[in-house]
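*Asks:* The domain '2Fe-2S ferredoxin-type' annotation in TrEMBL covers 8-95. What TrEMBL lists as [2Fe-2S] cluster 1 binding site is Cys47, Cys52, Cys55, Cys77. Marked as [2Fe-2S] cluster 2 binding site by TrEMBL: Cys117, Cys120, Cys152, Cys154. If you look up TrEMBL, you'll see 236-422 marked as domain 'FAD-binding PCMH-type'. Taken from TrEMBL, the feature FAD binding site covers 264-271, 354-358, Asp367, Leu412, Arg430. Residues or ranges marked as Mo-molybdopterin binding site by TrEMBL: Gln778, Phe809, Arg923, Ala1082. Annotated substrate binding site per TrEMBL: Phe925, in sequence order. The active site, proton acceptor feature in TrEMBL is assigned to Glu1264.
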Amino acid sequence: MPAEKQGDILCFFINGKKVTENNADPETTLLSFLREKLRLTGTKYGCGGGGCGACTVMLSRLQPATRTITHYSVNACLLPLCQLHGASVTTVEGVGSTKTRLHPVQERIAKAHGSQCGFCTPGMVMSMYTLLRNRPQPTMEDITQALAGNLCRCTGYRPIIDGCRTFCQEANCCQANGGEDCCQKGEQNPDEPAHEEKPRLFDKEEFLPLDPTQELIFPPELILMAEAANPKTLTFRGERVSWVSPSSLEELLQLKARNPEAPLVVGNSNIGPGMKFKGVLHPLMISPTRVTELFEVTRTPQGVWVGAGCSLTEVWSLLEKLLPQLAEEQTGLFRALIRQLGTLGSLQIRNVASLGGNIVSAYPNSDLNPVLAAGNCRVSVVSAAGGRRELPLNQDFFVSFGKTILKPEEILVSVFIPFSRKGEFFGAFRQAPRKESSFSTVTTGMRVFFSEGSRVVQDVSIYYGGMGPTTVCATKTCAAIVSRPWDDETLSQAYNVLLDELVLPLSAPGGKVEFRRSLTLSFLFQFHLEVLQKLKEMGVCVQHVITEEIPEKMQPLPREIHPGLQEFQHVPKDQSDQDPVGRPIMHRSALSHATGEAVYCDDLPATEGELFLALVTSSRAHAKITGLDASEALRLPGVVDVITAKDIPGQKARKLCGYEEELLAETEVVSCIGQMLCAVVADSRSHAKRGAAAVKVAYEDLPDPVFTAEEAVEKSSFFEPRRTIERGNVTEAFESVDQVHEGELRIGGQEHFYMETQSMLVVPVGEETEFNAYVSTQFPTLMQEAIAETLSIPSNRVTCHVRRIGGAFGGKVVKTAALACITGVAAWKTNRAVRCVLERGEDMLITGARHPVLGKYKVGFMNDGRIVAADFHYYANAGNMADESVLVVEKFLLHFDNAYNIPNLRGHAAACRTNLPSNTAFRGFGVPQSLLVVENMVEDVAALLRRPAHQIREINMYKGPSVTQYKLEFSPENLQRCWEECKLKADDQFNRENRWRKRGMSIVPIKYGIAFSDGFLNQAAALVHIYKDGSVLVSHGGTEMGQGLHTKMQQVASRELHVPASKVYISETSTNTVPNASPSAASCGTDANGMAVQNACQILYQRLEPIRLRNPKGSWESWVQTAFYEKMSLSATGFYKGPDLYMDWDKKEGRPYAYFTFGVCCCEVELDCLTGDYRTLRTDIVVDIGRSVNPSMDIGQIEGAFMQGLGLYTLEELKFSPSGLLYTRGPSQYKIPAVCDVPLRFNVYLLPDSSNPHAIYSSKGIGEPAVFLGSAAFFAIKDAAAAARSESGLVGPFSLNSPATAERACLACASPFTQKVPASKPGSFKPWALNI
């Protein structure tokens, strides 16, 4: 701390308790303060950039002017601690707990099954809690707005929405409780037989009522503090940064004059990410939040002056309040701004981000600046030397990227938003990668003015964002419109001028050049339609303006989420009430998730002397390391050591699929950006991070890196072996078919985006080189083995503990082992506990993703729709290391028949070795990519034959006793049953009536093999203890990652021991209780571990039999006590020796799976052909999962997997730079599905009367199969695009690669506007991003 002067004391409240901080560091966020200083770990770290909502808390402040208390949700990861003076913070711990009293929000999310891994649940609770503090009876619109900034990777959101829906007024209708027929439709006919009531996932009658009087009050001390006279300037000094919060405008101006480069921080939504992600250091930060002039609102006859410090939420509320007070013609600009504010960022961001900050940060794709500029808004700026001046917000205001015309010492004080005039119309449009909480791709503000009764344009102003380094004005286009009548002729000339005026270079940052240019035209066309509608309403003559009738209106896409159906079977009538199997039991940790009490790896308290590890990774994709200098890092405060490959005492590489993968780069050559080179250990996270940044690495680039599958094929760069398989004789069959067609499909990769990043803590026990490893992993045995081999010690010295995982999806196995080894070496070398928790960007960079795949096919078929021959070539981009890629490509070929009996079928699959980070296992393990290519082939056949795709699917489906391409016999009867249950009719009428909106529908089947094809992995063990009081402790080898495995094991033990589930406890998974366990993967965790737990419990129950027979009326507790006194062992090991599965690739035959899970999904979407935006209107899924052990868990798995598939096929894009750097390293660049992506009607049906002799209680594995069902949305979008293409006379197969993003869908529709944009020729320019 600088010696000059002690900082002020920071005073605020957390959960009703006063907190005073004498040495508040401006670089500390509320999140790190809560977690590390106060040990309130319910608030989670998910991304660190305000993009996921896991760290949501409620902030409450007194507004001195109005004496009202405002409550708003905020992201704790962005909120500087120093900003909290005088505020009250409520975290999930302050809302309720299992020890004292649950809050209704916590109870309802838990009991509605809205929590799986539970990592996002505290954030969801806090968003909803804050909404209820402001609106105790919210609407569904309020709820979806409140949850828009909270991401969940497990549930698919439906159960979260259902839990929250119970607070709505409209929720009292029975439909909201899962009933299909509404009570409001009249009474049931008494003559009709009464239906047996269908079982429900939850009963809302059991819920606690919401009682607003029970909430924490705002601390009176803070009211007194706020009302005390003479506020003084506050100063806080940290290790590197000082923070000053002046109390008057005069003082603020003097400060800024002395420190013109110091940034003003209000919401920290711009400065914060710059400091965190780009390493920007500001020695002084100025917080003007106590300067009242920045928050004043003044109404004049011409408009309203809004203080630049007002949050975007406050601006939205102000404009909404003004609407009913003004004539409609005066509110045009207000309504355009409200439209943009509704989707700008998330509610948590809008609650803190300021209007002035939004303007002066001058983002080129700002949503507000084009509207403010088009609306002739002005700003008032002031400086100490130059006094006050007003500036128009126009083209000249925005100088270059992130820069405005303001001088460094000037401060933006307020913004003038004028009232609109009669005959003045506004348009505001945006297109973003995701409908909400996403930076725009292109955004626009448009204004046109007509004199009364005329359609001749008096004045027009058109601004765009996302079309250059600044907000740009389409001046020439405006000139082509002004003084002319508003009609088709004027506008079609304007389109041509606009196309010439707004030209983007083909390698422009952000890419999507053709799409962005077409959007400028589409937006102008949409504005054209809106204005014609307005003119018509005003009675201005607009005949003969459009060839067809003026469309009623370009309505926004539908958005209301309706209650869905979740159908499953009742348990048998004779089943004991105590037996929980088959019932929708709540996740055993759901209440702990909702209260923040559930402990994840990084929530474990720090031990004395604990160190933090940060990694140094390669910044080159293909280079020789010529030097690595850590001397500067070692000189930094807090840095203890640097770990390199030389420090590893044992194995320096891990072997997988026959290839070695170095833990830390030991050879001189690096083969991808993100390869781990060394690690820095320090006394804190921030010190370790700074130390890692200070390590200097020198490189010499090597020629010809390989990035794409095509480049790998050209250079024969593969991981061997490559695999082939064939059924029938494909070559011969091609000679005898009616038609032959060739096609290809690209499928992009997918980031796991588990909410909890890679986390581990390795603690030396202190003697005989023993270690406890606490790791967030699916495979504790591998962690134990890997750490032991790396440290050259026996496995019995390492115990790996896993309590729960915040999501994994296949991504917490191989890379986690490498990270655990490095952390283990650091703990061994320093003899201190070492913690390693990756930041979201590091995690995405280092750990790999789902394999991108290039699929090529040749298909031979008859004119009646029968597919006779098909030949597939799959090329998976494996990245720089083998990982599990060879196993993934094998699975391509074990599933590529999907549901179809194609008599002559051949497949070739190769794992391409490239210079990208190595890809790894991901839910579905290659099947979602493999089957998309197959289904695309089927769609092509349908398009060529001009028949609906579902007919071609049906013709070619397996029927009767069947055999796979690897000679495994199976019955497809339940696949057929699922198909028949799921069929729906398409809506052709809608497409005939709408030119720019199209609906599409698709129905897709899946046949998914369950189990490990490596037979030895199909084994499991369990250890069950019964204690003298009758309580039961179960340990098994599976890990709980949200799939509800522990809950199901509790159900199994309860049934087998005939005790209530409440008597059964599962603490953690650890290698010292159950050794040599297989990974929790391949959808068979319940199958294997369930059998092992069943075995152990049956042994114990059998052991107690003599005592039970002697005393049949005795209680469980009395039997156990008697057994103890009779010296009987009350502990048993259970074991399950699974089926001996195998695949012989030489003979091309085997039995790699124990059985198949079948499913069918039907999706209907509505597509906006002008922008590529779509909405999933309805999804129906029918799945055969045998007899469900727990319907709530299984339906949750199906919904979550479907939404993950929806993300894979329609939304999520990994973008790499031409040098191989991953651009998309966080939720602001990489979009997973959010609440706005949930199907508006989402129905799941578990196939009744099904059984499966190969798994516990006749159930089936369900974790992975439903991911592929998300492809129904992809093919429905393709169907809608085909309808749009037919309007332009285009028929037959067309290319649509996955994901079908708005960009791809829009370009596929081939509207007149996309056709105006000249297509770029690949190879003629250097693209912004690689086409992986």
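Here the Cβ of each residue, glycine as well, is placed from N, Cα and C on the backbone.
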*Asks:* Asn268, Asn270, Ser354, Gln778: which of these binding-site residues has the sparsest Cβ neighbourhood within 10 Å?
*Replies:* Asn270
*Asks:* Just checking: which of Cys47, Cys77, Gln778, Phe925, Ala1082, Glu1264 have a Cα that is within 10 Å of the Cα of Cys152 ([2Fe-2S] cluster 2 binding site), counting only these recorded positions?
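*Replies:* Near Cys152 ([2Fe-2S] cluster 2 binding site), where near means Cα within 10 Å, there are no recorded positions at all.
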*Asks:* Select the closest residue to Cys154 ([2Fe-2S] cluster 2 binding site) from the following binding-site residues, measuring between CA atoms: Leu264, Gln778, Phe809, Arg923.
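*Replies:* Answer for the nearest of the binding-site residues: Phe809.
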*Asks:* Between the Cα atoms of Cys55 ([2Fe-2S] cluster 1 binding site) and the residue listed as 'active site, proton acceptor', find the distance and write it as a whole number of Å.
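*Replies:* Cα-Cα, rounded: 29 Å.
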*Asks:* Looking at the binding-site residues Cys120, Cys154, Leu412, which one has the fewest other Cβ atoms within 10 Å of its own Cβ?
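*Replies:* Each of the binding-site residues Cys120, Cys154, Leu412 was scored; lowest Cβ tally within 10 Å is Leu412.
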*Asks:* Max Cα distance spanning Gln778, Phe809, Arg923, Ala1082 (Mo-molybdopterin binders), Å?
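*Replies:* Looking at Gln778, Phe809, Arg923, Ala1082 as a set, their Cα atoms extend up to 12 Å apart.
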*Asks:* Can you count the other CB atoms that lie within 10 A of the CB of the residue listed as 'substrate binding site'?
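*Replies:* Counting Cβ neighbours of the residue listed as 'substrate binding site' within 10 Å gives 25.
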*Asks:* Compared by Cα position, which of the binding-site residues Cys52, Leu264, Asn268, Phe925 is the closest one to Cys120 ([2Fe-2S] cluster 2 binding site)?
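*Replies:* Ranked by Cα distance from Cys120 ([2Fe-2S] cluster 2 binding site), first place goes to Cys52.
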*Asks:* What are the other residues, in sequence order, whose C-beta lies within 8 angstroms of the center of the C-beta atoms of Cys117, Cys120, Cys152, Cys154 at the [2Fe-2S] cluster 2 site?
*Replies:* Ser115, Gln116, Gly118, Phe119, Thr121, Arg153, Thr155, Met755, Gly806, Gly807, Gly1042, Gly1200
*Asks:* Around the [2Fe-2S] cluster 1 site formed by Cys47, Cys52, Cys55, Cys77, which additional residues qualify by having Cβ within 8 Å of the site's Cβ center?
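*Replies:* Other same-chain residues with Cβ inside the cutoff are Leu31, Lys44, Tyr45, Gly46, Gly48, Gly49, Gly50, Gly51, Gly53, Ala54, Asn75, Ala76, Gly123, Arg840, Pro1227.
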*Asks:* State the Cα to Cα distance, in Å, between Cys77 ([2Fe-2S] cluster 1 binding site) and Arg923 (Mo-molybdopterin binding site), rounded to an integer.
*Replies:* 29
*Asks:* What is the nearest of the recorded positions Gln778, Arg923, Ala1082, Glu1264 to Asn358 (FAD binding site), using the Cα of each?
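*Replies:* For Asn358 (FAD binding site), the closest Cα among Gln778, Arg923, Ala1082, Glu1264 is found at Arg923.
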*Asks:* Would you count the other C-beta atoms found within 10 angstroms of the C-beta of Cys152 ([2Fe-2S] cluster 2 binding site) for me?
*Replies:* 31
*Asks:* Specify the count of other C-beta atoms within 10 Å of the C-beta of Asn358 (FAD binding site).
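*Replies:* Cβ-Cβ neighbours of Asn358 (FAD binding site) within 10 Å number 27.
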*Asks:* Looking at the binding-site residues Cys52, Cys117, Leu264, which one has the fewest other Cβ atoms within 10 Å of its own Cβ?
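*Replies:* Candidates: the binding-site residues Cys52, Cys117, Leu264. Fewest Cβ atoms within 10 Å: Leu264.
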*Asks:* Measuring Cα to Cα, how many Å separate Cys117 ([2Fe-2S] cluster 2 binding site) from Cys52 ([2Fe-2S] cluster 1 binding site)?
*Replies:* 15
*Asks:* Provide, as an integer number of angstrom, the distance between the C-alpha atoms of Phe809 (Mo-molybdopterin binding site) and the residue listed as 'substrate binding site'.
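*Replies:* Here the two Cα atoms are 10 Å apart.
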*Asks:* Return the residues near Gly356 (FAD binding site) by Cβ distance under 8 Å, restricted to its own chain and a separation of at least 6 in sequence.
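*Replies:* Looking at Cβ-Cβ distances below 8 Å from Gly356 (FAD binding site), excluding near sequence neighbours, one finds Val266, Leu294, Gly307, Ala308, Gly309, Leu412, Val413, Val415.
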*Asks:* May I ask for the distance between Cys52 ([2Fe-2S] cluster 1 binding site) and Asn270 (FAD binding site), taken between their Cα atoms and rounded to an integer number of Å?
*Replies:* 16
